[in-house]
Amino acid sequence: MTEILTSAQMRAIEAAAIASGGITGLDLMERAGQGVVEAVFAEWPALAAAPHRAVVLCGPGNNGGDGFVVARLLKGWGWEVEVFLYGNPERLPPDARVNYERWCEVGAVGDWPSAVARFSFPSFDADYPDTDLVVDALFGIGLTRPLPDEVMEVAFALNDREQPRSGWIVAVDIPSGLSAETGRACSDGDPDRALYCDLTVTFHRPKLGHYLADGPEFCQKLVVCDIGLPAPGAAAREKQVERDE
Ligand SMILES: NC(=O)C1=CN([C@@H]2O[C@H](COP(=O)(O)OP(=O)(O)OC[C@H]3O[C@@H](n4cnc5c(N)ncnc54)[C@H](O)[C@@H]3O)[C@@H](O)[C@H]2O)[C@H](O)CC1
Ligand SMILES: [K+]
């Protein structure tokens, strides 16, 4: 039976794996980004068949860091990629900062002022012309309070049912605005204060919020990708084997 984790359990497993020295946060982030791209190509083979256009929305933490990895990988596939950052690059956590810089090394093209546009609603028009894929890497399991209004404006615009949406929306780890604990929007329960996505790619194990309350509606197709973390309880089983030897 698939284990379903809380955010705290996920963080503890990540921390233990990193502390063991067997893997780094940067390795985990790279594998997370690779997992998102693989899941997108598997879900929509037409996107794997030729270069397309993606808009990647990155947030101020490691969820955003995953987004920078996805942007760089899609660029490597020949895609046209535009990245918007909600947050200050100087305040990104270390792993996300490394991937911000790796993206900037490959992302700035032509006369685009920078590889990363400052995220603000007027600069991101949600019926973005011919965007084949929107990557939601704004907030993951670190969301602790309702989405900021300017992020909500983009979420509303992206989810505007009247607007014929040209592309797909893939959530990194969990749709932004959704609680990984409760499956409800992190707000006063307003069901629309989270991003409705077409595909959600989470890591290692599903989280409670993917299955509870409004989670399934916001997540739609859920894919769990392996990022090389040990199965829960593996450390205890290893100790048992050592004792038995
Ligand atoms: N730990 C690892 O090595 C890996 C993590 N992965 C990805 O990381 C996110 C969790 O990242 P974290 O930095 O903890 O949080 P978020 O990126 O989800 O949130 C960013 C940051 O935003 C602040 N915040 C929370 N709520 C709000 C709000 N409403 N408005 C503004 N700012 C807010 C808070 O400080 C958060 O820290 C996880 O989901 C994975 O995507 C990798 O996948 C694997 C390696
Ligand atoms: K997200």
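Glycine too: its Cβ is placed from the backbone N, Cα and C atoms.
Remember, predicted model here, so these are calculated numbers, not experimental data.
Annotation source TrEMBL lists (6S)-NADPHX binding site at Asn62, Asn63, Gly64, Gly65, Asp66, Gly140, Ile141, Gly142, Leu143, Thr144, Arg145, Pro146, Asp173. DSSP assigns Leu143 ((6S)-NADPHX binding site) to coil, not to a helix or a strand.
Under the heading K(+) binding site, TrEMBL lists Asn63, Asp136, Ser176. When other Cβ atoms within 10 Å of the Cβ of Asp136 (K(+) binding site) are tallied across all protein chains shown, the result is 30.
Computed over the domain 'YjeF N-terminal' (10-235), the whole-number mean pLDDT of the model equals 88. As annotated by TrEMBL, domain 'YjeF N-terminal' applies to 10-235.
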Cβ neighbours of Ser176 (K(+) binding site) where a neighbour is any other Cβ within 10 Å: 29
Residues flanking the K(+) site, with Cβ no more than 8 Å from the Cβ centroid of Asn63, Asp136, Ser176 and excluding those residues themselves: Leu57, Gly59, Gly64, Gly67, Ala137, Leu138, Phe139, Gly140, Ala171, Val172, Asp173, Ile174, Pro175, Leu195
Binding-site residues near ligand 1 among Asn62, Asn63, Asp66, Asp136, Asp173, Ser176 (Cβ under 6 Å): Asn62, Asn63, Asp66, Asp173
For the binding-site residues Asp66, Asp173, the one whose C-beta sees the most other C-beta atoms within 10 angstroms: Asp66
Neighbouring C-beta atoms (10 Å sphere around the C-beta of Leu143 ((6S)-NADPHX binding site)): 25
Proximal residue to Leu143 ((6S)-NADPHX binding site) among binding-site residues Asn63, Asp136, Ser176 (C-alpha distance): Ser176
